[in-house]
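Novice: Below is the structure I would like to discuss, written out as structure tokens.
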Amino acid sequence: MMALGEPYYSSKPDKDFNFGSTMARRQMTPTMVTKLPKFVRNSPQAYDWIVRGLIFPTTGKTYFQRVVVITGGLEDGTYGSYAFNGSEWVEIYPIEHLNLMSSLKLIHKANALQERLRLSQEEKATLALDVQFLQHENVRLKELIPKPEPRKIQMKWIIVGAVLTFLSLIPGGYAQSQTNNTIFTDMIAACKYSTETLTENLDLRIKLALANITINDKLDAVRQILNFAFVPRAHWLRTVFYYIHYYEMWNIFMFVLAIGTVMRSARPGTDLITLATSHLSGFRMAVLPTIPFHTTMTLWVMNTLMVCYYFDNLLAITMAILAPILGIIFLCFMEDSNYVSQIRGLIATAVLIAGGHACLTLTGTTTSLFVVILTCRFIRMATVFIGTRFEIRDANGKVVATVPTRIKNVAFDFFQKLKQSGVRVGVNDFVVIKPGALCIIDTPEGKGTGFFSGNDIVTAAHVVGNNTFVSVCYEGLVYEAKVRYMPEKDIAFITCPGDLHPTARLKLSKNPDYSCVTVMAYVNEDLVVSTATAMVHGNTLSYAVRTQDGMSGAPVCDKYGRVLAVHQTNTGYTGGAVIIDPADFHPVKAPSQVELLKEEIERLKAQLNSAAENPVTVVTQQPIVTLEQKSVSDSDVVDLVRTAMEREMKVLRDEINGILAPFLQKKKGKTKHGRGRVRRNLRKGVKLLTEEEYRELLEKGLDRETFLDLIDRIIGERSGYPDYDDEDYYDEDDDGWGMVGDDVEFDYTEVINFDQAKPTPAPRTTKPKPCPEPKIEAQPLDLSQKKEKQPEHEQQVAKPTKPQKIEPQPYSQTYGKAPIWESYDFDWDEDDAKFILPAPHRLTKADEIVLGSKIVKLRTIIETAIKTQNYSALPEAVFELDKAAYEAGLEGFLQRVKSKKQGPKKLQRAPEDQGAQNYHSLDAWKSLLEPPRERRCVPANFPLLGHLPINRPIFDDKKPRDDLLGLLPEPTWHAFEEYGPTTWGPQAFVKSFDKFFYAEPIDFFSEYPQLCAFADWATYREFRYLEDTRVIHITATEKNTDSTPAYPKMNYFDTEEDYLEAHGWAPYIREFTRVFKGDKPEVLWYLFLKKEIIKEEKIRNSDIRQIVCADPIYTRIGACLEAHQNALMKQHTDTSVGQCGWSPMEGGFKKTMQRLVNKGNKHFIEFDWTRYDGTIPPALFKHIKEIRWNFINKDQREKYRHVHEWYVDNLLNRHVLLPSGEVTLQTRGNPSGQFSTPMDNNMVNFWLQAFEFAYFNGPDKDLWKTYDTVVYGDDRLSTTPSVPDNYEERVITMYRDIFGMWVKPGKVICRDSIVGLSFCGFTVNENLEPVPTSPEKLMASLLKPYKILPDLESLHGKLLCYQLLAAFMAEDHPFKVYVEHCLSRTAKQLRDSGLPARLTEEQLHRIWRGGPKKCDG
């Protein structure tokens, strides 16, 4: 308790800091303390004692009364001030306390570090657990390794070894050079005279020497010999060494080696013979270290030559030297690896025979040769174990020095340093630096260097990142500054704070000189400077400077201190910088609308003039994403390495060009003076690689700069459409539809070819034209007939005389579908190998340019596979080729083969009386509309507008009988029998329209304006992350292309994908342009009933759900307007109410439930509507659509407003076609097949909750902040601080009387705990884990399916899914027991399928809870 008159402190940090007025703290009362706002725990607050009139408007004496004002950090991460008005705390304009703000910032940083520490500890524990798992797995796998059987020793090898050993122990049983003879020379005859003379002289000299030797001389000689041989003084050791000579040592060693060979060798015969020949030849120990160099063949060659050496050493030496030469010639038929091994063995044999003979002749022993060979092998082995170099790293892990370890590396560095340390030939210049022009840029992601230039602070764009404001540190002071502009380069311009304007400035260099550049930067708050010579590569520089942390954004200056570039990065070998120009300081001014229209008119005129001569196809430029815009994650590591290697190759190429330029560009008449000096051409460079090698290198890392020379060659020859990028696709003045204007007329009735068939190349010009903007150009038709030239203002694109259906082409676009490995993983045969690649003349120019080298490589693999009849390498090779094609915007070759095999669909032709419009336009159905006929499926309270010819059934009484279910045991739990697959007749269609009716809503916007305003405020506040969303291009939209294309396209195409393959994107763009120009076609929706598992009672009552789908062109127009918002909603499921895109796996369910529990409210509500999307009031649905539209970017919001109004009008007033051919009009509810059905239902659900909250509690915004909810369509689970009395009855009445919506009694469950409530088909248990709410429905879908499973593996996989869903159910639950029983049955039939028999408990918990790394409970 707080004593009266004592200052109040909320926590120990608050007492330690003691910010503000102590008098204000003394005024705190217990009532004021209990009503305090929710500040951050254990954080300081500042107390102020302020005059009341300065805060609350008042007059009289109360003006000068003082009130307590508290300022601090709130739990939602904001900074606010609150004043006590006598009864409660009221939020006021924040009062700035610099010390408090700094403290809160440090506390926030400390909390973040603690959180990082906690995560690191969790990761450490996870890694430790993984290590234990791996250790257990290692032990288990070791047990599975088969133990080798003991080798049986055969008696014959024991006998052979004994005989060879006996022969080896015979004295003189080896080659003696004195007794060798030769077949070429009679050595005895030649040396007879010399030998007799030498013998006589030798005997005479020995006799004279022995006559003069005394006893003392003999003792001294023995003593010196013993000392020289290091023989110990011990008498018994001298005796042993005396009797054991070299001869006896080798024989003992050979004897032991022979025994070991018999016992352990895998080829004892060959090894024993080698041992014997080594003794016989006299080479002995020198043979052993050469054996690993031999193959079986060369080993027998060596044995043969050693036997030959015993009889004739000169002949053996000659044959040994000739053996490698003959082997090189006669063994060339072998493959490379075997060929090299054989030649290596022959060379080793030659070295042994020749070297052994030299050693025996000079020293009488081969010990020296043995030592040399053994030393070479040891050095080779040591270099392998030690490594090539040592790396010395600093505390941050960055390499600061490398030390070579191999001898060749050390020698290379020595000669390099020796060459560099020659006589000084020049004088280094001084450079100008301005340390006062540098500062430090601090962001939450890290620090970098900036410099002052003009009125801006310049740094690297990747230092700023996505931050709008950054901290500028200069001379110990910190300033907040706003990021002004970031061009396409990796440069950012920051507005200089007013207090920093008098500082020094760096000017740009007008005459760049790259002979000596200076890099200045701050590293750990220390100024570092380095100079180097730079090389220019397009818009970038490279120089040999090692980058350290914090150098990004530093200025790169010339020797006069003028800025040349902005330092970017370091790939480990060279530093890099982007060149900065004066034009980079200011955004490029976008052309006005009039200028754009003029350019468009001129471009169209040029197209029309050249259409007859140069037919072209559609060109679509892929959006270019720079390296700065890419996020560095685990999945991007390979791309980043490729980009770095591409840059290093380009740097190396330019440097070599600069060095070789003086030698390669010698002109006639020039002298050789100065030819040896290095002259660098900094602006130009000659490619040293061939075009094929260059393209192969670019395929590993394409970017705009290095690929510009290829873009000009493929303009007009490459088709496709731009990928959607929600961050980089848009710009303020160009959103993809800028080419459409009010005064520009497009004729889209002409057929547009989106295929990749080889077009006629455009004529070459002397000056290459710049890459045009993505556009669609009409392909001219047959112009062979003479036509009168029309005036320029009347010229139009030629129209077809007769509408024709365009069949799918074999080279059609795949529309952005990435290749999937499963499509390639099948048994390939010779036909597949022959037809996977088209003939060379069928390849497009884009294929040749982008995929040329890969296609050549695949053709080689195909030829080899057909010859060897081994097709195992084809799937991976074709997959890699298709993957590269997909990344380049081309169609995969497997898809082309499929298109050929499938061929065009044989469907009825389009009606001839529709003219150029036929079935492409959105209102084409109107021309087919016939007068109404008999009313069969449309209820009487809906209008019957007419009849359309369609062939679709209105009866469905099919109940599939799956024979695979006969394998499953008979169930003992029959609760599932109340469910079944839907069947219907005409009455079900009539009944399905009841979803739109329950009660009539009132004009709630007029009756309850304050509550509606509160609901709007809450909706804008909840979905504020949708602010500034964009309209995307129609060709960048994503949608399920396997869906029906609606009427009348469904008469000619089964799916939208077939329609796209036949006609491409031209009809889509034409219809969007038509709507944009003011036309308002009426769209036709197609209605069908949903096949699903529902209660048998509903089936008997024909209560089946209806689904409506619109024309795919209309759906994609809606995707243009709302796809960006939908994508953002799916990304914010953790913090927002909408759960579309949410996954309950990996702890997702528990995390969401914990989020509601953490609010601390006492009440939890489960809410379920009936006929939810059908009874949504049209006024409310239109209002939600308007709220969504208000989040769109301001410029685009006004530009496309009329398109959005037309789109919403067709949602609210739907012309619907039934399978019976009847056409009616629906004006109620949210259609279940529109593009944003679940997202719109979420927003309507949330808006209704906010209205309901204000209806019972009043529009209390502070109380609303304690409210939280999660919604998925009509599912709702919420937590609220208060619930009124008789809540269920009152809320049901409110929705019926005000909105006309139906909430059945019993569908509103209010509890003081979240346990037992359900959301998205799961009930929350005590551990906040999911339990299926209706397991009997799941069992019905297993035993009474509406679709037959294809095979037994699918049935087993379905059972595994049910086991996963039942993970947290009671062990004795009938559904869980039955699933386990079924798994045991199906697992016996699938022993070799690769599927697990069942999921273990550990696997189930890993899937639901996320495992150690993603564990949420």
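Glycine residues also receive a Cβ, built from the backbone N, Cα and C atoms like all the rest.
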Novice: When Swiss-Prot marks a stretch as coiled coil, which of 27-65, 105-143, 534-572, 1275-1313 is it?
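Specialist: From Swiss-Prot, the annotated coiled coil range turns out to be 105-143.
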Novice: At a 10 Å cut-off from the C-beta of S552 (active site, charge relay system), count the other C-beta atoms across all protein chains.
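Specialist: Taking all protein chains shown, S552 (active site, charge relay system) has 25 Cβ neighbours within 10 Å.
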Novice: According to DSSP, which kind of secondary structure is H462 (active site, charge relay system) found in, if we only use helix, strand and coil?
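Specialist: SS state of H462 (active site, charge relay system) = helix.
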Novice: What residues elsewhere in the chain lie close to the transmembrane segment (287-307), defined as a C-beta under 8 angstroms and at least 6 residues from its ends?
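Specialist: Non-local partners: 270, 273-274, 277-278, 280-281, 316, 319-320, 323, 338, 341-342, 344-346, 348-349, 351-353, 370, 373-374, 377.
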Novice: Between the Cα atoms of D490 (active site, charge relay system) and H462 (active site, charge relay system), find the distance and write it as a whole number of Å.
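Specialist: Distance between the two Cα atoms comes out at 7 Å.
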Novice: From the Cα of H462 (active site, charge relay system) across to the Cα of S552 (active site, charge relay system), what is the distance in angstrom?
Specialist: 8
